[in-house]
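Here is what TrEMBL records for this protein:
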ACT_SITE  A:Thr14  active site
ACT_SITE  A:Thr90  active site
DOMAIN    A:5-198  domain 'L-asparaginase N-terminal'
DOMAIN    A:220-321  domain 'Asparaginase/glutaminase C-terminal'
2 protein chains.
Amino acid sequence: MSKSKIIIIHTGGTIASKVDYKTGAVVAKFEPEELYALYPELKEVSDFDIIKVANIMSEDVDFNFVNELALAIKKGIKKETKGIIITHGTDTIHYTSAALHFMLKNLPIPVILVGAQRSSDRPSSDAGMNLICAARFIIKTNWGGVGVCMHENQSDESCVVLPGEKARKMHSSRRDAFMSFDDGLVARVSYLSGEVEMLHKVIINKEKFELTLIDKNIWVGLIKVHPGFDPKILRNYINYSGLVIEGTGLGHVHENCLPEIENLIKKGVKVIMATQTIFGVVNMNVYSRGRKLLELGVKGNYENLPPESVFMKLLIELSKGS
Amino acid sequence: MSKSKIIIIHTGGTIASKVDYKTGAVVAKFEPEELYALYPELKEVSDFDIIKVANIMSEDVDFNFVNELALAIKKGIKKETKGIIITHGTDTIHYTSAALHFMLKNLPIPVILVGAQRSSDRPSSDAGMNLICAARFIIKTNWGGVGVCMHENQSDESCVVLPGEKARKMHSSRRDAFMSFDDGLVARVSYLSGEVEMLHKVIINKEKFELTLIDKNIWVGLIKVHPGFDPKILRNYINYSGLVIEGTGLGHVHENCLPEIENLIKKGVKVIMATQTIFGVVNMNVYSRGRKLLELGVKGNYENLPPESVFMKLLIELSKGS
């Protein structure tokens, strides 16, 4: 039997929410079946199985949820599964997509997260287009990996599939909130013609699929330095396994942070540098401050990932025991 | 005497740095006079006075420095001053520009911060073009305010002047690292033709100029929530005057943060919501979690500023005693 089925894993978020007409607020209370009923065009693209893993707004995403989701994906990887779509709140879609990227090694199928900036029962909703483009991408590709499929721009012409570890929500309300500054789009999907343009070298991974679950005993911090940052704040992470610091520029901190960072590293905290510029590589070789940080044992040099992704990468590495 | 002079205030950073050929690292050790010697084209635009306020890399910017800079600007506002250029490290240029925007009320002249992503003694340096475009903007405008003038894109054709409170460094190395997603560019300056295109309604402020200095007894925190964020971290800010939380999306936090936020507000900490999406407005009315935060007394609703700017705004407000 050829692969022909797409699994939709439902987790909640705006894509699965409705306006509560009593209060006017948007709440997570959509049922998966309703999504299918709302977008009958989906049936033209593929057959689907719809599974509900959670029904939460994305600000409440925690590592239990991410582990459950990873296990549901593992279960969904079967001979007849062409790919998996995860409906997810956009607020933290990039934290989850980065986590899944690092947790699911050698994915044989595409696992595509989609969200919506307007709830599915609103006429202006972007939910349907993101969903349909994700389904089309899955049907037409042999790519294996975690991606995020959202509007390319403010028009309703195309979606882009961003790599899960490089997606980031960059606007609180626009439908094209997810962007990549540098490179690395996986594909562009035309909503109008249905065409899929691959923008990424397709590598079919033949190695054994592996899953790492997040170890809930591991604590990792994510902080940002800034003018007026009190270095004593760093002492709060002394019992953590790891700490990601969003440094300025290429990965810098104020001189007064150096003794505290040195102390954290001595106490066994793995300290990783990321950049609060979000885009661009960390490079601690260029300026003298960066060189000092390297000397102290700060890691993360030459990494080109958003800080949220660096955070998830560290968490998964520590969960593996490495 | 008509206004004809531009003051260049020198503070350090890459624009004022050289490669140390002993170590290969970039260090801050440029003297203001050398800048003038390097860019003789500046003389064609205007007369200049060059003042050195500091010579630090921008990761070491602190509030003493920002106060000194504000005082130097105040001193520089004279009948013959057409505008002020501040050379500054790009890493924290946006923290300083936002601070100055909120500190200097009713500025009668343009105060433009410029930086460079490559040091001035390198052939690929962007320093000269940013400087010259800033000078041209000042000569040709009657705008009063704080702006940041940097490359518009990766070509050497034009610079843009961004409003000081909306600029943000978005790339660790690209010359067009500063961007505005939404709106609000002040002007575009063609490097080739020298033309200045105003993109902002020019409002000549006739009200009295006022300066607020940062009160060094005020502590404000800037933190980011994320999946796996330990709400107990919030307790570290119990003795702070204010705390800016970079929430997800429209300004959300995990449910488990609510009791800690409530406690901070009860203890007198001013808690302001910003969004880690950087671009877009905070709106705590849309979802039920946001409404709960408003009920608890969290402020910052409808603000459309990057988190770093929200942080500086709160600091200056608290410095005023409001």
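Positions of Cβ are set from backbone N, Cα and C atoms, glycine also.
Owing to the predicted nature of the structure, the values given are computational and were not obtained by experimental measurement.
Separating the Cα atoms of A:Thr14 (active site) and A:Thr90 (active site) is a whole-number distance of 7 Å. Secondary structure of the domain 'Asparaginase/glutaminase C-terminal' (A:220-321), assigned with DSSP and counted as helix (H, G, I), strand (E, B) and coil, comes to 41 helix, 22 strand, 39 coil.
In the three-state DSSP assignment, the secondary structure recorded for A:Thr14 (active site) is helix.
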